[in-house]
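Here the structure is laid out as structure tokens; the discussion comes afterwards.
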């Protein structure tokens, strides 16, 4: 699955934010009350104390006091024993014995209560252990009876074999009636079947054993706290025997974008249409049907859907039959599925048309609403090529007879890999040659490649539990870039991968980062794993491994892994074991890669050249510049594949690779060299710092002839020196000295990285009112890129890389009022507006033209009209970005409010709008105010753990750089709940603000050299 905005530019430490009021706050400290103590159940968030709970705690205190008072009485009661003259105790009186017995009984009882109560708080959910991990001792079902299971994870005594799911959705009432028949097998003897169910009105449950054809109605216990139900069997379930459960129920369709949800939309004729779709990953299948909703519980599925005649129904498998029922209804039955996890189940009901093509017996189809099916050609062509590539590369045929890709009119996740039924946002699947830019084409191709790669990595072979999500997502992300580089080389997709690695390393340098393989239990923890680290760090590590082992060895290991574990559930060890098998233990890949997957962060490699020797040292690259603050895992080391290129006196280049698995090491060169550049093409996941002389040698080489180094290496040097300058390890002035060569730069990656790094600094300076320094910075960069900007034409001509560079440069020039950029853009906009939007604009500069046009009142209003009438989602996105770049705060607020309401602008666009609003000075405080004021609505619509909420928080705070702002954001989240405050992305947002404050304190007064 790709979450919304995963492929948008994410702010982090001034840019982070995956994966985006007109006056500053007064500098007074914001006061707030400390968070009170709360009752927490492990991994499930905060639960306020109700009156009963207060009574229990009061009772515990009273009992404790009573025991303390009575304990002193126990000492006095010793007088009831009388000592005889010979020293032996005489027999106490009957009265004394009775009193003593009574006291002892009371004491023992009180001790037992005291022993239990401090560890047990009784609530309506049951009795909770009150220790550091607070877990349930005895949960209570909804009917007050004891629930037979207390863990969040399901027991493994029962496993599902097959589901038969019958659904009848009503798209006008947004409800559905259903039944599910589950064939299960007992692996251990038990009396109960525990599975997941959420929000269902269960009307009847029957049970049948394999040896008896008689259905027996059985009792069901519901425990909503863990989304679990228990089927109490009428007889003991015996190990090795099969049983059948049938559950009849009804439910409302989800009002959010998760689970089985319905919505309405307006077609090109302004008619209201209805649609229903699913999004189950990670934990929402349980809201559509009772099931064993954990990835390791694989089973087969037979799905039947009753629909109105005008609708089309789709599911994972090909349609087996359609039967006409009474009242104009049709029941579609789909073939039994392959063995798969519940989160991959999918079904869709709506009005759709499709384009199709057969690929070696697999029917590939792209579906869209009828008026947009003409925009599906490019997706179909791309899918066919990618499917053939993956089948050849993995040496495993795609196992299904059909592969559907569906553009859903209202869908929050960017895309989802449901087996055989891939779902997408319209803008990421549909391509309109009149309005889609080269960047749009690349984005569409990447997302299709990602979801297709999942058909093997994730679907065919699945992680056992969500702690190894990175194996799914990291491989799918790596394969998306790798496959496109192989079959669409003209797209220069390596530039996108390089840029993504720069951004994810910025995020991974934070103390709030996490290992890509982390222990998770609760829904919040699982949701937090769907972040850019799991996707992009995972992909980056696989690139490093492939480069180190060679492409052939890497491919052989991948093939072995997929063949060995097809239709199974795995742990990351299974992956590394396959690599070890292929390398014949010449390299312990598991030992090497666990230094990267089991600890957060990455290394800073320091290089010092002395004659023919390179002295290498590693430590963690840590963003926090405060003295005395060190990462808790500072002693950990990485096994680093070090690659380097040198430039000798005879002007010959030499490349080599070695493995650094110690704190430091020495590399012997064959000759003395002019310079050395470590981490060739930035294939390694680490940052490199050189001694002063070596930085100077590289800077001189760039000024003399930059093309001796690859464009990846040039971009890598720019990235590394600015990141090191941010830590104070090199002077910021030296970083600007390095980019002085940019006048001779002809490639996209180095220029975009330089603009990214300098843009971060400009944004910080602008937001604190340091206008003079900000303008001097822009003036310096503009002068460096003057020739390249002047050479650009307002067309779509050239290679994809040249076209993207044109977009970047003209956007920069118009944003900062360079040359005649705004004049030309305004002329294009006026002509387009005069034609009522019918005149074609060059797609690569369309966003820039729209942004300039939106600066005028007439232009903004016209763009809004076109947004409502456009049939192209890519055009609407460009318009929306221009509208959200306005300097009119009333319009900006209205846009955010309208998107939150979701009637005119879809709520799925809100995170994009808020990030865009916050980037410019008029909106960066307004965006945060909007988030604060509407927090409850945001969480209700988008879910607290969703990627959209994470983007909204990060995108609205990442440019804050004062202590007043830090206090305000911290106080806001402290006043929500303990669980919310501790969420990783909240801590990340606070850390980014702290780093911005540190950067400003360190650099603001020393920028006179600009």
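Cβ coordinates are placed from backbone N, Cα and C, and glycine is handled just like the others.
Caution: TrEMBL annotation is automatic and unverified by curators.
Around the Cβ of residue 451 (active site, proton acceptor), a 10 Å sphere holds 28 further Cβ atoms from the protein chains shown. Under the heading active site, proton acceptor, TrEMBL lists 451.
Cβ environment of residue 450 (Zn(2+) binding site): 2, 415, 417, 476, 477, 479, 480 lie under 8 Å away, each six or more residues apart in the same chain. Annotation source TrEMBL lists Zn(2+) binding site at 450, 454, 473.
Under the heading domain 'Aminopeptidase N-like N-terminal', TrEMBL lists 159-344.
Marked as domain 'Peptidase M1 membrane alanine aminopeptidase' by TrEMBL: 379-596.
Annotation comment: TrEMBL describes 675-994 as domain 'ERAP1-like C-terminal'. Confidence in the domain 'ERAP1-like C-terminal' (675-994), given as mean pLDDT, stands at 95.
The feature site 'Transition state stabilizer' is assigned by TrEMBL to 535. Residue 535 (site 'Transition state stabilizer') counts 31 other C-beta atoms within 10 Å of its own C-beta, drawing on all protein chains shown.
Residues or ranges marked as transmembrane segment in TrEMBL: 97-117.
When the C-alpha distances from residue 535 (site 'Transition state stabilizer') to the recorded positions 451, 454, 473 are tabulated, the minimum falls on 473.
Annotation for residue 473 (Zn(2+) binding site): same-chain Cβ neighbours under 8 Å, separated by at least 6 residues, are 1, 458, 530, 534, 535, 538. Residue density at residue 454 (Zn(2+) binding site): 27 other Cβ atoms are found within 10 A of its Cβ, drawing on all protein chains shown.
Residues 1, 2, 417, 451, 453, 457, 458, 472, 475, 476, 477, 479, 480, 535 surround the recorded Zn(2+) site, their Cβ atoms falling within 8 Å of the Cβ centroid of 450, 454, 473, which are themselves excluded.
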